[in-house]
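> Got a structure here, written out as structure tokens. Questions coming.
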Amino acid sequence: MEELSFIVGVIGNVISVLVFLSPVGTFWRIVKNGSTEDFESLPYVCTLLSSSLWTYYGITKPGAYLVATVNGFGILAEAVYVVLFLIYAPRKMRVKTGILVGILNVGFLAAAILVTHLALEGDTRIDAIGFMCAGLNIIMYGSPLAAMKTVVTSKSVEYMPFFLSFFLFLNGGIWAFYALLEHDIFLGVPNGIGFLLGTAQLILYAIFRKARPSNDTISQGLLEQGFQ
């Protein structure tokens, strides 16, 4: 069973690395154009926080080094994305990003580490960190819901990239399986939800990938999601 868990964990690490690298095309565009355009920094700031907390969880929980290693890579990747945002964003977005980094990646992270390290011990500390990580993961996996609504209203998959949906589906599934093998509820619940949402996205893609929506339908879908 331990050997199977290790193999599944390694596969999960590879898939997670691909998920972390999926925004590379977006940031190549940002660097090439010298502007972040209308892209938002919040997803990358939140993912940086999530990766930091999962790394802390992996270091704190015995035998969870596979969780720590892949999220350590996630810290590096997301930090690069955030730095590029701070370099290429307009002044207003740069200030907003700086404030978010200060509040979430410095303030909240430092408080979480200090409180759990100094005030809690043993399994209680691990459970507290796990609750925070699971909560963040559920929020992150829930973020594509807006894109799914846009697909339904616009009858277009243009704003829901297939490979990102596919890798999120794989990532949620493999880590949910790993959590089942390791009896880790904090890994299992959010990644199980991610697997179900990824499945729903792929079903929507299969339904609407050949649809030819009118420009009016697409515009209306974008307006409803606030992309005007």
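Each residue, glycine too, has its Cβ placed from N, Cα and C.
Fair warning: this is a prediction, and the values are worked out from it, not measured in the lab.
Taken from TrEMBL, the feature transmembrane segment applies to 6-30, 42-59, 65-87, 99-120, 126-147, 159-179, 185-208.
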> Sort out the residues at least 6 away from either end of the transmembrane segment (42-59), same chain, that have Cβ-Cβ distances under 8 Å to it, and list them.
20, 23, 65-69, 71-72, 74-75, 78-79, 81-82, 85, 97, 100-101, 104-105, 108-109, 112-113, 126, 129-130, 132-133, 136-137, 139-140, 143, 186
> Are the transmembrane segment (126-147) and the transmembrane segment (185-208) near each other by the rule of at least 3 C-beta pairs under 8 angstroms (pairs 6 or more apart)?
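They do touch: at least three Cβ pairs between the two stretches lie under 8 Å.
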> Under 8 Å between C-beta atoms and at least six residues away from its ends: which parts of the chain pack against the transmembrane segment (99-120)?
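Counting only partners 6 or more residues beyond its ends, the transmembrane segment (99-120) has Cβ contacts under 8 Å with 41-42, 45-46, 48-49, 52-53, 56, 60, 82, 86, 128-129, 132.
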> Taking the transmembrane segment (159-179) as reference, which of 6-30, 65-87, 126-147 has the most Cβ pairs under 8 angstroms?
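The stretch with the most close Cβ contacts to the transmembrane segment (159-179) is 6-30.
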